[in-house]
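Engineer: Okay, these came from Swiss-Prot:
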BINDING   HIS83, HIS182  heme b b562 binding site
BINDING   HIS97, HIS196  heme b b566 binding site
BINDING   HIS201  ubiquinone binding site
TRANSMEM  33-53  transmembrane segment
TRANSMEM  77-98  transmembrane segment
TRANSMEM  113-133  transmembrane segment
TRANSMEM  178-198  transmembrane segment
TRANSMEM  226-246  transmembrane segment
TRANSMEM  288-308  transmembrane segment
TRANSMEM  320-340  transmembrane segment
TRANSMEM  347-367  transmembrane segment
Amino acid sequence: MTNIRKTHPLMKIVNNTFIDLPTPSNISSWWNFGSLLGICLILQILTGLFLAMHYTSDTTTAFSSVTHICRDVNYGWIIRYMHANGASMFFICLFMHIGRGLYYGSYTFLETWNIGVLLLFTTMATAFMGYVLPWGQMSFWGATVITNLLSAIPYIGTSLVEWIWGGFSVDKATLTRFFAFHFILPFIIMALAMVHLLFLHETGSNNPTGIPSNTDKIPFHPYYTIKDILGATLLILALMLLVLFMPDLLGDPDNYTPANPLNTPPHIKPEWYFLFAYAILRSIPNKLGGVLALALSILILVLVPFLHTSKQRSMMFRPISQCMFWVLVADLLTLTWIGGQPVEHPYVIIGQLASIMYFLIILVIMPTASIIENNLLKWK
């Protein structure tokens, strides 16, 4: 008799995704981040659900309801901090996952890659709206500044911003709709993640060498389930260390002050995971130019597959490209640092140089390095 997991319509899907999935035998720990992102998403949905049971999306009570969750709800403080720091862990895993895709040439799976970019956009939108909900100073001013950027769009800009706000400023209507969107988007992310997996399983996983591994596949379970469990344990350990010992390390002290439209904080800045894009936005003096650069800093990922000029898929055997990849990582870390600094000398010029380098490396230097490597290997 055939095993039920191979015949039952529902079990068959689970079996083909997590148990009997043919997987390359040589994938490294960099391939752990997909499952870690799944764990992060489930964790965020669960903690978010419990927070939503006690939160009120009204400008007069939102801040107090978050305080109430932390002080009066049983284990409310741990749920709140797991949700806030869980978002940081989510983005750490996201950046590692994207970095892995860039390094090993996983972007040649076009559908999987493009849905991944869409997932990144959706996650960023969700995180931004979530940051507005506690209705602290940085929540209010962050929402005002970022939504106001849309007013740079010619002709329809101002109307669009007022339509998003639901009035002439960020107010009750804005908070209510942000809560509604913040609640629904994670489920859309979950659906997109399933489509992401569907397309991945059409082609099978890439591997560090970038060479097709159809001749050497092993079942996902038990080899990679045990590896994923180790990764998940380390992720939860890191998250709980953050939650229990340094819950406010990655937050902003200004968000412990209730929102006040009459008092602007000295330095308006988003959460750390948006700082690189914020630095690119600020590096251009023109408003529309800044908005375009901000959008392009993420949209550029869609162009990466078309900029691949190497005869090899992975960077494993391409030292010049490897070097440029790590320069890009250093550049992104520089942008993240600059995004958190005030707009004054020397930060402005450093931010502008780092922004130019970011686009230059992706659009010009890396494709050129690949062509040089092809020629060095006599691959015309």
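Positions of Cβ are set from backbone N, Cα and C atoms, glycine also.
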Engineer: Compute the C-alpha separation of HIS201 (ubiquinone binding site) from HIS97 (heme b b566 binding site), stating it in Å without decimals.
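Structural biologist: About 17 Å separate the Cα atoms of these two residues.
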Engineer: Would you kindly give the Cα-Cα distance separating HIS182 (heme b b562 binding site) and HIS196 (heme b b566 binding site), rounded to the nearest Å?
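Structural biologist: The Cα atom of HIS196 (heme b b566 binding site) is 21 Å away from the Cα atom of HIS182 (heme b b562 binding site).
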Engineer: Quick one: do the transmembrane segment (226-246) and the transmembrane segment (320-340) reach 3+ CB pairs under 8 Å, ignoring pairs fewer than 6 apart in sequence?
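Structural biologist: By the criterion, they do not touch.
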Engineer: In angstrom units, rounded to an integer, how far apart are the Cα atoms of HIS182 (heme b b562 binding site) and HIS97 (heme b b566 binding site)?
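Structural biologist: Per the Cα atoms, HIS182 (heme b b562 binding site) and HIS97 (heme b b566 binding site) stand 23 Å apart.
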Engineer: Reduced to three states, what secondary structure does DSSP give HIS83 (heme b b562 binding site)?
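Structural biologist: DSSP call for HIS83 (heme b b562 binding site): helix.
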Engineer: Cβ under 8 Å, sequence separation of at least 6 from the ends of the transmembrane segment (320-340): give me the contacting residues as numbers and ranges.
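Structural biologist: Those are 99, 102-103, 269-270, 272, 274-280, 282, 310, 347, 350-351, 354-355, 357-358, 361-362, 365-366, 369-370, 372-373, in sequence order.
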Engineer: If one measures from the C-alpha of HIS83 (heme b b562 binding site) to the C-alpha of HIS97 (heme b b566 binding site), what distance in angstrom results, rounded to a whole number?
Structural biologist: 21
Engineer: What same-chain residues lie close to the transmembrane segment (33-53): Cβ under 8 Å, and 6 or more beyond its ends?
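Structural biologist: Distant contacts of the transmembrane segment (33-53): 69, 79-80, 82-83, 86-87, 89-90, 93-94, 96-97, 100, 182-183, 186-187, 189-190, 193, 228, 231-232, 235-236, 239.
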